[in-house]
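Worksheet: one structure, shown below.
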């Protein structure tokens, strides 16, 4: 069918007049593909133009191919002038800036259209020039948008020529800040050697731990640079490359075996477009004579220069056809001389018409501005996969980036990249996060702890395997400013020996500038670990504590003062003197009951709230007694109110209550883990209090810094409350559960978190952070913490606070033992006083009765030890008699006789009674005197 159509067109073409315009293509010897495409494009355009119903509308382009050297501007200009003398309708294919400069000047003078297809860096484009290559500033904006959309906060730029640096200038100017939020320089610029070994340069980049590379070099050099990057281990999981060459997708990357490295390219030509594929197929099928089997052209290997050359011919043909239709005249060329200022009249018309065109070509949509620069085009964003490049998005100047895959697809691909991967996880020993079960075991079975359980939960969620190992130096990771090197876990990550680091690793600004962290799986802050104050044994005389020594002294003074005052007033006032014998209406003497002993007894009875059988009668003494009772009421009430609190209060040793208390004393030493985040907190703090603490810790001798948290805990336990340790609050919680004698002092000094660390720019950070977030929302993180903090086998059986409260509410013998002691001392004192009184009475009886002291002693003792009877008869000597009749009228004497009758009943034997009366020696004379006084 196609052959029949071509035959028909050939007959029509031969039988009708047509317009022929010669055009010239200038190509270097190495531009064989571009030269072929130029010829194919001309032939294809001629075929299309001849495929008209009206032959008079046909346009024939006659191609001339010129081979020139890129730097030979002289011969190029001569060939342009020679062609102009013969008549030429347009110049195509020039790529050399040297050759383009002189050619552009000639074409601008003669109004010959110059169609360019390369990156033109000339500041002042000529009016006769049209460039199908995208405008440099707009194309640079596409690269900037891609870098920003990929969230590259820092990267390294590799370029091989000054032209490449010009292409990247918009990217360099896009950064407004000298440092990123993580403290990194946004980009570093490195120039590749023109040829040869680039591995030394790549090793220098590797030392900076930069994993994101923007590579701008010649297309034919990309594979060689990537090969050398793989040799220095810069094509791993954590490395990402953006290739700026628009022909990077045409290369074969299979020999590099890039399974995990993320390589992103930008392309102007989409080989999957139907237009591109059908055009290339037509070339292969119908124009085999122009194509060599040694260098086949396919849609996937079609270079951008070739596609732009094809579009250049098409654009030119469309513009000429438009002019012919509008003017109804043929477009004819005219011979021109370079030596004379002559212009081709149709040249300016063709140029203006091209600027107005908006068509689709092999390089996508085409649109120009007034200066002839291509201002609209589309850029495909592609990603290298196992099956080749895959289009993931598209960019154009008006809409920016539009991704062709959904967020769910991107997430699915991310999880697929993690699935079945084996991660190397570095950690360090430290309970409860990780402990070694048995050194004879191997692999993950050797360890257990919170970190192990956490990474196991994440591994099951994301379906990956892991292998645990310990950091050789056992350090968390700190930066040595002298050696410029990291140690510990951070070093393992930066050297790519480990994929993850998990333990009680604090997220700090300094560490964040070296590695990546997931979202925190545990929030905490710095606090103080200290020993609990030991309970002091209750004071034996704790019942004296409600009042101070001064109050007790004043009370004793008041007691003596009031007693003496009462004694003095009682002797002064007449109302306190009474008749000692009421039966005698005319006594010879009066008696006052408020002797000094009775005043003291009255005061002490009131003080003890027991009262007394002695009461004042005079107004003055009653006033003193009333004031004393008021005083006693207030003092007893105050004493009783405070007594319960002092008896139940546990006396503790003096302790610290805050970080201010710790800093303002010199008795208790305090320290922190050397090189840890807590030490850095004090070292870098701008708060004067924390600066003071840091300076005191640095100047302390011996050193208060420790090599591990366990060493700090041990020093607190052995320090006898002379050492405090700064550490993370979560670790303090665990140590409190493990040792009942430890406590946390004060609140948190800062707020931070533990996170899972990974190499900088890790592609797995989002997935692992998402898994941690799911565990947090489901409460699984809290369950793991409770397992290793509250239900650990190392947990001590500490008494609960309510048990302590219950025990403190009960009074033991230690609390009230002093009261018993006072009672015992009083009873013993009374016993000894009674003995003294007994012995004194024995002596008195022995003297008065003129018997031996031993007889008097045993007689009184025998009577005292009898435990029955409540009366004791009055002892009367036998030689004395009493006139009973004289005493009959006195009631008191009758009472005495009645008591004697009772005493007889008490002894029960008249002989015993007589003996007792004889020994007591009461004489009749004394009895008679007593009777006379009563009468």
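Backbone N, Cα and C atoms are what each Cβ position is placed from, and that goes for glycine too.
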Range annotated as transmembrane segment in TrEMBL, from 471-490, 531-550, 551-570: 551-570
Annotated stretch (transmembrane segment, per TrEMBL) among the listed ranges 753-774, 775-796, 797-818, 819-840: 819-840
606-626, 627-647, 648-668, 690-710 - the one TrEMBL records as transmembrane segment: 627-647
Folded-back contacts onto the transmembrane segment (627-647), same chain, C-beta under 8 angstroms, at least six residues removed: 542-543, 545-547, 555, 558, 562, 566, 603, 606-607, 609, 811, 815-816
For the transmembrane segment (551-570), distant same-chain residues with Cβ under 8 A (at least six beyond the ends): 544, 576, 592, 594-596, 599-600, 602-604, 607, 616, 618, 620-621, 624-625, 628, 631, 635
For the domain 'Ionotropic glutamate receptor C-terminal' (422-791), the mean pLDDT of the predicted model: 87
Maximum Cα-Cα separation in Å among residues 506, 511, 677, 678, 728, which the record lists as binding L-glutamate: 17
DSSP residue counts for the domain 'Ionotropic glutamate receptor L-glutamate and glycine-binding' (424-495), split into helix, strand and coil: 24 helix, 20 strand, 28 coil
Distance from residue 683 (site 'Interaction with the cone snail toxin Con-ikot-ikot') back to residue 511 (L-glutamate binding site), taken between C-alpha atoms, in Å: 15
Most Cβ neighbours inside 10 Å, all chains, among the recorded positions 656, 683, 728: 728
Using Cα positions only, nearest of the recorded positions to residue 728 (L-glutamate binding site) (656, 683, 740, 774): 683
Other residues, Cβ within 8 Å of 506, 511, 677, 678, 728 Cβ centroid (L-glutamate site): 476, 504, 505, 507, 508, 526, 676, 680, 681, 752
From binding-site residues 506, 677, 678, the one whose Cα lies nearest residue 774 (site 'Interaction with the cone snail toxin Con-ikot-ikot'): 506
